[in-house]
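What follows is a single structure, and I will ask about it in a moment.
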Amino acid sequence: MSSSQCSVPPVSGSRAVSWALGLWGGVLVLAVCWPFLLPGEFVWRDMVLLDRPALSASAFGAGDLPARNAPQDGVLALLGGAWLARVFILAAASASAWVACRWARTSGPWAASAAMACAVANPFVIERLLQGQWSLVVAAWLAPVIAWGCLQGRPRLAWLALWAASLTPTGGLFGGLIAVVCEREGRRRWLFAGGSVLLWLPWLVPSLVAGHPAAFGDPAAQAAAFAPRAEAYVGTVGSLLGFGGIWNAAAVPASRENGFAVAGLAVAALAVLGATRLPRRELRPLAVLAVAGMGLAILGALAPGLTAFAVEHIPGAGLLRDSSKLTLLALPLAVAGIGALRHLPAALALCACLLQAPDAPRELAVLKPRETGIDRQLVEELDGRLTFFADRPAMVPLDGGIALDPYSKAANKLDSGELTVDGVTVDEPSPRYLAAAEAWTTRDLARLEELGVGAVVEKGSIVATTNAQPAPVPWGLSAAWCALPLLAALRNARRFSPTKR
């Protein structure tokens, strides 16, 4: 973040202030992202980032479970795993800080500092990182970048941010919506709409081909389990207004359960106050997104039956059963509104943003790299065959928590997909997993081969094999997704080449 890029005229024209804001942005990024600067592999709740992930069909959304991790898992498998995730995380956080600073460029250093804190270290980011949803956090960081790029006539920046946000299906959906709503030029708006659909293809095509539901289970139980939850002293609605309220109480920093969530109400009020100072051409689209996101999230909290109905009857609605995710759409307005404040309100906003989760750097220590317990020799022996792990559940215990089984990313594991929340089975095991379990119970190897299972592992060893061959790996769409920025850069280089006639 250079000083010239993050200057804040006219209140602070000095180079020292610009450098100070750049340093502040770096402090914020480090405070949240420091575990990802450490060497090693990452395993925590929903996050499994390995140095050598498997090139399996499930990594590209073609397994037995919904393609919720496409193109993310496929991209990491193609390009190198954990190091690439680090690049996305650090680049997205830095871009969010830079854009927040730019959005506050006419309001002074206090507003810029507060906007940067709001963008980089808000409760949505902290809680989702503690849940292990790193790619959703990347999308949250990039939401203000997409909005600012469209509103300020920076389509290339908006496109790059939209591409990175689409690493996860939710990020692709929300990023596309933000771009379409915020883009002012009609032709570019249509290009953003069409381009967003192209970015969805790595997960949309496998979902349409598979034709299975978003998850195997009771929609009512899913809606209840993933409904937003109240944090101390602010209730469910107050938690959502402060960008908290994640369904998993274990993913909430301790400070927010000790009253610090109240600061989120101050942030929300000050963001609304600052939003009244925004130009109408910015306020309208940002307000539409914020009202839609917050409104639907609050509706999901107050009427989970509607969420259950949507999950059961609307294709793709399962992506939004975790309805507190919808508050992501309000982040651009919050950042812009905080960035429009001046003087005392801006200083108060900075304090409130920092007080929402003051223990975040310490709480995020659980994300530090750790031993995965993967036997690489076993993975080599499996040689890509679809493997039934007879004694490994979908979630495995860790020191202080649980995580997805690392073998689900390291090998071509037959996924169960079973998920239990507070003792209630929310997602049932997939039909093929249940059939394989029954076949192994009776030692029916012919049935296992018919199911495509090439190996069975128990107690860390291969105990049975069949002649079943691995399914083809549909890597094409994810590879095309990876290539899009390079193709766009080559196209622009040709367009502006001085030798072009």
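Each residue, glycine too, has its Cβ placed from N, Cα and C.
As the structure is a computational prediction, the values presented were derived from the model and not from experiment.
Not my notes, these are from TrEMBL:
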- 16-37: transmembrane segment (TRANSMEM)
- 75-101: transmembrane segment (TRANSMEM)
- 108-126: transmembrane segment (TRANSMEM)
- 132-151: transmembrane segment (TRANSMEM)
- 158-178: transmembrane segment (TRANSMEM)
- 190-211: transmembrane segment (TRANSMEM)
- 232-252: transmembrane segment (TRANSMEM)
- 258-275: transmembrane segment (TRANSMEM)
- 287-311: transmembrane segment (TRANSMEM)
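So where do these features actually land, and what's packed around them?
Beyond the transmembrane segment (75-101), the same-chain residues lying 6 or more positions past its ends with a Cβ under 8 Å from any Cβ of the stretch are 1, 5-6, 8, 21, 25-26, 28-29, 32-33, 36-37, 40-42, 49-56, 59-60, 112, 115-116, 118-120, 134-135, 137-138, 141-142, 144-145, 148-149, 161, 164, 167, 335, 339, 475, 478-479, 481-482.
Sequence-distant contacts of the transmembrane segment (108-126), counting only residues of its own chain at least 6 positions beyond either end whose CB sits under 8 Å from a CB of the stretch, comprise 6, 8, 11-12, 17, 20-21, 24-25, 28-29, 31-32, 93, 96-97, 99-101, 137, 140-141, 144, 242-244, 253, 256, 261, 264, 267, 271, 274, 327-328, 331, 334-336, 338-343, 346-347, 349-350, 353-354, 356-357, 360, 363-364.
Remote same-chain partners of the transmembrane segment (132-151), defined as residues 6 or more beyond its termini with a Cβ less than 8 Å from a stretch Cβ, comprise 44-47, 49, 72, 85, 88-89, 92-93, 95-96, 99-100, 102-103, 119-120, 122, 124-125, 157-159, 161-162, 164-165, 167-168, 170-171, 174-175, 178-179, 182-184, 188, 192, 281-282, 285-286, 289, 325, 328-329, 331-332, 335-336, 367, 403-404.
Non-local neighbours of the transmembrane segment (158-178) in the same chain are 67-72, 75, 88, 91-92, 95, 135-136, 138-139, 142-143, 145-150, 192-193, 195-197, 199-200, 203, 289, 319-320, 325, 328-329, 332, 481, 484-485, 488; each lies 6+ residues outside the stretch with a CB under 8 Å from one of its CB atoms.
For the transmembrane segment (258-275), same-chain residues at least 6 beyond its ends with a Cβ under 8 Å from one of its own Cβ atoms are 111, 118, 123, 231-234, 238-239, 241-244, 283, 286-287, 333-334, 336-341, 345, 348-349, 352-353, 355-358.
Tertiary proximity for the transmembrane segment (287-311) is limited to same-chain residues at least six positions away from its ends with a CB under 8 Å from its CB atoms, namely 147, 177-178, 181-182, 214, 219-220, 222-224, 226-228, 236-237, 240-241, 245, 275, 317-318, 320-321, 323-330, 332-334.
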